[in-house]
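Pulled from TrEMBL:
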- 20-38: transmembrane segment (TRANSMEM)
- 112-132: transmembrane segment (TRANSMEM)
- 144-163: transmembrane segment (TRANSMEM)
- 169-189: transmembrane segment (TRANSMEM)
- 201-218: transmembrane segment (TRANSMEM)
- 267-286: transmembrane segment (TRANSMEM)
- 292-364: domain 'DUF1736' (DOMAIN)
- 353-372: transmembrane segment (TRANSMEM)
- 384-405: transmembrane segment (TRANSMEM)
- 411-430: transmembrane segment (TRANSMEM)
- 439-457: transmembrane segment (TRANSMEM)
- 480-513: repeat 'TPR' (REPEAT)
- 514-547: repeat 'TPR' (REPEAT)
- 582-615: repeat 'TPR' (REPEAT)
- 684-717: repeat 'TPR' (REPEAT)
Amino acid sequence: MAQLELHLDHDISWFLLPSYWAKIVVGLISFLCFANSYDGDFVFDDSEAIINNKDLRAETPLGDLWHHDFWGSKLSSNTSHKSYRPLTVLTFRLNYFFAGGFHPVGFHVINIILHSIICVLMVDVFSILLGGLQYSSKGRRLNLAPRASPLAALLFAVHPVHTECVAGIVGRADLLCGLFFLLSFLGYCKAFRENKEGNHFSVFWVLVSVLLGAIAMLCKEQGITVLGLNAVFDVLVISRLDILELVHKVLHKNKSLENVGLFRKGLLFRITLLLSGGVTILYIRWRIMGTGPPAFTEVDNPASFADSLFVRAINYNYYYSLNAWLLLCPWWLCFDWSMGCIPLIKSVSDWRIIALAALWFCLIGLICQALCSEDSHRRRILMLGLGFLIIPFLPASNLFFRVGFVVAERVIYLPSIGYCILFIYGFSLLSKQAKKKKILTAAILGILLINVMRCIIRSNQWRSEEQLFRSALSVCPLNAKVHYNVGKNLADKGNQTAAIKYYREAVRLNPKYVHAMNNLGNILKERNELREAEELLSLAVQIQPDFAAAWMNLGIVQNSLRRFEEAEQSYWTAIKHRKIYPDCYYNLGRLYADLNRHIDALNAWRNATVLKPEHSLAWNNMIILLDNTGNLAQAEAVGKEALELIPNDHSLMFSLANVLGKSQKYKESEALFLKAIKANPNAASYHGNLAVLYHRWGNLDLAKKHYEVSLKLDPTAPGTRENYNLLKRKLEQLQKKSNV
């Protein structure tokens, strides 16, 4: 049953390995291609999806994973991207648990292993897609493409476009989705293991396939498309339905439809099972995500916001051609293709229209061959190749809903299966026609070797944000986000001068890039260039009135300019747009403290600690303000409350020790000072204040010792030199009295 002609495999006669050796070779090469990314950092989206995602931490109930999106936000939130991938987040959580924290090595190793497993499975998948599905009398599946299938799997394994999925930790979603996608397909094939005449199948394995498809979708949305591909495979390979003949009979209202196999062999029943399962899964997911579509901005996907239907259609098709080009020539790779990286096509005079014409010329040619060829083998191979190329890409096509990107290399991980099928098919045709097959063999080996080298180079770029962001400058020099990320990386490393240059370029390329304005304004604020910082931040909140962080930073600048009323208004506007904003309450408290509005300051800092109990600065400021205003008992109570919540914070120990010392609780104060010094032995003020405590307490030798340590650490420490001199005079006086 369902056996395809074998001449495809015969045309690749030079590549033959035993099945187990083929899988070992494919698995090993796929592992080596990306092995150098194993010790990479958390980069780009890893920060939001992993480091800042509370769903990974033990204190978050496991049940929350089923109500949150991929980034840890509630699905019901208006700001949620609605990317529902709880099983992927669960694997991140397990990584975090077993590693004992955010150690990227374990995350990277799992990704590399997953890709290798997928590539090994691809040997079996390609053997079915290229050779057909046939079982022996003992129920063992026969490999009818022993040469073509490992070659196709190798091509898949070493494709550089997969680097983002493997070397980028958030690519785990695509890898897990791909794994269960393939298992669903192979499970569907198992439904026909006991079939001898093509009339029997296992309902159990069909349902298992649907279940695995649901699991794939819980890893990433694309997973649901496997059910459509299973249906296509059933029609073309299991039922051997001639699509052109069926269409012809439908158009001519031919009553003999049953003769083309539509109602035979249980095809209609299986399609009904797949369709029912798919609709049920989609309905449940739609209900979970709140029945509303995700909200994206124009910078995420500018074509989808174009007023003209013509402009939208032209640009969507241009994006498809770019994805096709990335499969054909994966040399220009970029971590982000948004924000001006691909300018909109607005007229037919744009030369890039040629890319659209080329894409559709190729697709129409392949479709015509797939439908009209007299060779049934050619028809089925081309239909399967086109099916695997197009169907998994549909969720990213903008056809059914707006997506939050322009081009994303990660979304063509699964469609590359179709590309590999078409590549091998084309190669077999060339091999059949070529007189000098050795040249063709050398060419395919050269392509594989080049791809391996490109994978190694690209995965090395994904090891750190600096390399990743800088690699994009030559690919997408018009991408404001690329310049923004390079600038942010430089700012994080303390190179503010260079960061300013890239932030300014990001704002030049995208004059509405409010995040670049905010970060640039922050740097200028720190460099005391307050006027320009205020202009940038004011423009940012004018462009995006609900940008809470920019409102808070504008308040800080206005406070520094001593425009206190405006600063207070900016802080409250920030809190209005972000209800849970402890840092803003902290800065509001500082403003009130500067205005001697002590009660308001304490209330603001208390709000900060309620919203974020580990907010050390807010606790510290409360203790210090209460201390300075003579409320020692209240300061002591607040200090002890803070240390219960943050027991290892040495700055809190220091502040509370000062309060206890003033309250003449010398023993308790001494213990906290010593504990703080143990945690931070190089803090001159800690030694200096402990010396003052001993000085008051009468332990003059210990006071002298810690004064000297403090002055050694900071010879200019205010007050310490004067206190030390007072102590020395007192010791000299005591020495004279003892001599008398």
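Note: Cβ is positioned from N, Cα and C throughout, glycine not excepted.
Worth saying up front: this structure is predicted, and the values here are computed from it rather than measured.
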Write out how many residues of the domain 'DUF1736' (292-364) are helix, how many strand and how many coil, based on DSSP.
36 helix, 0 strand, 37 coil
Beyond the flanks of the transmembrane segment (144-163) by 6 or more, those residues with Cβ under 8 Å of it:
3-4, 6, 8-9, 12-17, 19, 22-23, 25-26, 29-30, 33-34, 115, 119-120, 122-124, 126-127, 130-132, 134, 326-327, 330-331, 333, 409, 412-413, 416-417, 420-421, 423-424, 428, 444, 447-448, 451-452, 454-455, 458-459, 462
Contact call for the transmembrane segment (439-457) against the transmembrane segment (20-38), three or more Cβ pairs under 8 Å:
yes
What parts of the chain pack near the repeat 'TPR' (582-615), using Cβ distances under 8 Å and only residues at least 6 beyond its ends?
548, 552, 555-556, 559, 564, 567-568, 571-572, 574-575, 621-622, 625-626, 629, 642, 645-646
The repeat 'TPR' (480-513) - residue tally per DSSP class, helix then strand then coil:
27 helix, 0 strand, 7 coil
Do any residues of this chain, six or more beyond the ends of the repeat 'TPR' (480-513), have a C-beta under 8 angstroms from a C-beta of it, and if so which?
44, 299, 334, 336, 338-341, 465-466, 469-470, 472-473, 519-520, 523-524, 526-527, 536, 543
Which residues of the chain, 6 or more past the ends of the transmembrane segment (20-38), have a CB below 8 A from one of its CBs?
105, 108-109, 111-113, 115-117, 119-120, 122-123, 146, 149-150, 153-154, 157-158, 163, 166-167, 452, 455-456, 459-460, 462-463
